[in-house]
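**Student:** Pasting in a structure now, in structure tokens, and then I'll have a few things to ask.
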């Protein structure tokens with residue numbers, strides 16, 4: 001089974017990488033002609049700042065998840081752990097950041113089951129937030145996530161399943177069952193309330209990330225207010241696929257291929273889209289590195 005997953009991962013990576021290379025090849029001359037003026041550099045710096053704040057915001061949301069599981073978590077400790085371990089997702093396997101967070105929470109006295117669920121709940125809610133934005137955008141015609149009704153129904157089913165699955169009634173019984181199987185001390189309530197506020201926090205995170213992308217795009221081309229909802233929708237859906245589809249660590253390649261496909265038919269010049277995507281990936285990684293530095297040196301007291 002693991003070998004099949006590895007083959008699928010490499011096939012997805014190969015196909016999407018081929019698509020990106022082919023698109024760049026067809027438009028490389030136009031891309032090389034793009035220049036950045038002083039205002040453009042200022043917008044790119046602002047995009048970096050907003051992207052960095054998005055990661056800090058995501059760390060705060062993660063701390064709130066821990067508190068929902070009745071875990072005592074100081075903000076300084078939570079910010080440090082989240083920001084430092086966030087760059088581990090670029091390690092081979094794409095699970096290093098999960099393992100590091102689970103290990104850190106367990107060392108604070110939490111059981112392995114609660115530590116694991118609290119960490120896994122974060123990307124699950126991120127995916128739900130992105131899927132919610134994508135489906136709403138599809139329903140009002142901002143983007144077209146699929147032409148296949150069966151896939152559209154599947155997307156709706158998955159969203160509903162996640163929203164039901166994160167209910168305290170479900171999660172508390174899952175943890176209770178795990179502890180019962182391991183003959184550990186049990187209680188009836190582990191998750192105190194429905195994490196609706198966390199879902200809202202993840203939506204804000206996506207809006208911040210997409211704002212960073214829009215600012216990077218504005219460094220090369222003027223954006224109208226009417227275009228912003230479409231760009232936010234395209235970004236959210238591309239980010240979702242980068243999160244859930246097996247590919248390179250950190251959603252590399254899958255995100256880029258998806259957003260190229262979604263914005264290729266828009267009124268935005270394709271050469272500007274390609275340039276923005278390449279630069280925004282650099283901005284994203286740089287923001288995560290700065291965040292890790294802030295977490296390690298600024299909060300390591």
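Every residue, even glycine, has its Cβ placed from backbone N, Cα and C.
Keep in mind that this is a model prediction, so the values were computed, not measured.
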**Student:** Identify the transmembrane segment range according to TrEMBL, selecting from 93-116, 117-140.
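**Tutor:** Within the set 93-116, 117-140, TrEMBL attaches transmembrane segment to 117-140.
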**Student:** Taking a Cβ cut-off under 8 Å, which residues six or more beyond the ends of the transmembrane segment (40-63) line up next to it in the same chain?
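**Tutor:** Hits for the transmembrane segment (40-63): 73, 75, 78-79, 82-83, 86, 101, 122, 198, 201-202, 204-205, 208-209, 211-213, 215-216, 218-220, 279-280, 283-284, 286-288, 290-291.
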